[in-house]
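Undergrad: Quick paste of what TrEMBL says about this protein:
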type	residues	note
REGION	14-38	region 'Disordered'
TRANSMEM	48-66	transmembrane segment
DOMAIN	51-473	domain 'Major facilitator superfamily (MFS) profile'
TRANSMEM	86-107	transmembrane segment
TRANSMEM	119-138	transmembrane segment
TRANSMEM	144-165	transmembrane segment
TRANSMEM	177-199	transmembrane segment
TRANSMEM	205-227	transmembrane segment
TRANSMEM	288-312	transmembrane segment
TRANSMEM	324-344	transmembrane segment
TRANSMEM	351-370	transmembrane segment
TRANSMEM	382-407	transmembrane segment
TRANSMEM	419-442	transmembrane segment
TRANSMEM	448-465	transmembrane segment
Amino acid sequence: MRWKFNSSVHKRMQSRELAGAMDRDDESPVRLSNSTGQEIGGPSWKHSLPHVCVATISSFLFGYHLGVVNEPLESISMDLGFAGNALAEGLVVSMCLGGALIGSLFSGSIADGIGRCRAFQLAALPMIAGACISASATSLEGMLLGRFLVGTGMGVGPPVASLYVTEVSPSSVRGTYGSFFQIATCLGLLATLFIGIPVKEIVGWWRVCFWVSAAPAALLALCMEFCAESPHWLYKRGRIGEAEVEFERLLGGPHVKSAMAELARSDKGDDAEGVKYSELFYGRHFRVVFIGTTLFALQQLSGINSVFYFSSTVFKSAGVPSDIANICVGFANLSGSIVATLLMDKLGRKVLLLGSFLGMAAAMGLQAGAANFHHLGSGTLYLSVGGMLLFVLAFSLGAGPVPGLLLPEIFPNRIRAKAMALCMSVHWVVNFFVGLLFLQLLEQLGPQVLYSIFATFCLIAAIFVRRNVVETKGKSLQEIEISLLQPEER
């Protein structure tokens, strides 16, 4: 038997009434069987895979635009007339971060207001416009405008992508799907390295680097028109019948009833009103929001983006060309992300996070030790390079892919979009200040002290994960919500 809701019913029926109806009909756990009486297993991953793959285009774009100016920056500055102006060059690199902060602040309201699919499409528009403006820029102002527009799309895309994969994936493969976004980001970063190779030989090639990025953004906007909307969002909007249809597309017909029943049970304690940001800081939601924001802050305080931004300096001191250095870092990141994809639903999120932060602490310890024994010569330099690659590899195994997957899992449906927006805003703010202050701190404190500080933050992160993070592997979103939320005070 499948639940069917005609339009006249689901327009009248509120979610709490639906929950009561489903609970009366099915108070015991749902057991699915086919016509011969044999029990049916979990939903197949094949139904949801195409939708998740389309969503990963947003992460590819995220990685691409993070790295697109690294190689061409010198050519851009010469062509646009600000060569030698360190401030202007820094603005070209960091303007994306400012746009991303603005975009992430509004991502929750956008995702809740127009839906996940439309949010993807809306995020693609400034990426297309910004890429075209940057590619055709004839002045610094035009380049900065293009980078800022691209940044706003980057700010909306990742939190919406995390929401989407969490809400459309079967619990058995949700971790694997979540790792796809880290792999796509790595591929985007690597794409910029290879596309940027001719930039020193071909005049104006940097414009091609920007024009190219408009194509995947347009593809994302087009393909999202054919992807399933999040049933969780539809249900929260009272569009029960449409939620059932989308569950059938994502999970298969036999699993619609159980999915709707789980969704109804989780919604019984929530009202239909939109959540305000102020509600995230007190009451029953504070604990999960605290876990989310702290996890993203510690991820950035580990120093990972200082490594991505300034790794070429360390490699150059060892006599390794910067382009080869960047490719080595990129492949270390990609390799770890692929391994994380294979292990996410086997070992679990918490184990990967713990191992990742501990490995990062050890790698930073290697670099601090190398800085202390700099008198030993070339051996110390190669130890520093090895420590940096190990640091990136350890990051990509857990600290990179897990937070973006784990946080939408632990946030209740009612606050999920806005809580992710808040966490991503914290991510961008800490990211900005770490990148801004890294070189100054390196000069004032020295590498040994600074790397030791980063290693300390990695150890703090491991302790925080051990004490506060719950394992979500194989659990439904509703089971996770019940285990984490404090009961409402009456």
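Yeah, the Cβs are placed from backbone N, Cα and C, and that goes for glycine too.
Unlike curated entries, TrEMBL annotations are predicted automatically.
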Undergrad: Please report, as numbers and ranges, the same-chain residues at least 6 past the borders of the transmembrane segment (144-165) whose CB is under 8 Å from any CB of it.
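TA: Contacts with the transmembrane segment (144-165): 51-52, 55-56, 58-59, 61-62, 65-66, 69, 91-92, 95-108, 110-111, 116, 119-120, 122-127, 129-135, 137, 174, 177-178, 180-181, 210, 213, 217, 230, 404-405, 407-408, 416-417, 420-421, 423-424, 428.
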Undergrad: So which of 48-66, 86-107, 351-370 has the most C-beta pairs under 8 Å when paired with the transmembrane segment (288-312)?
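TA: It is 351-370 that shares the most Cβ pairs under 8 Å with the transmembrane segment (288-312).
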Undergrad: Would the transmembrane segment (86-107) and the transmembrane segment (419-442) count as touching if the test is at least 3 Cβ pairs under 8 Å, pairs 6 or more apart?
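TA: Answer yes, regions in contact.
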Undergrad: Can you say which of 48-66, 119-138, 419-442, 448-465 has the most Cβ pairs under 8 Å with the transmembrane segment (351-370)?
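TA: It is 448-465 that shares the most Cβ pairs under 8 Å with the transmembrane segment (351-370).
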Undergrad: Have the transmembrane segment (205-227) and the transmembrane segment (119-138) got at least three CB pairs under 8 Å, pairs 6 or more apart in sequence?
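TA: The answer is yes, given that the two segments have at least 3 Cβ pairs within the 8 Å cut-off.
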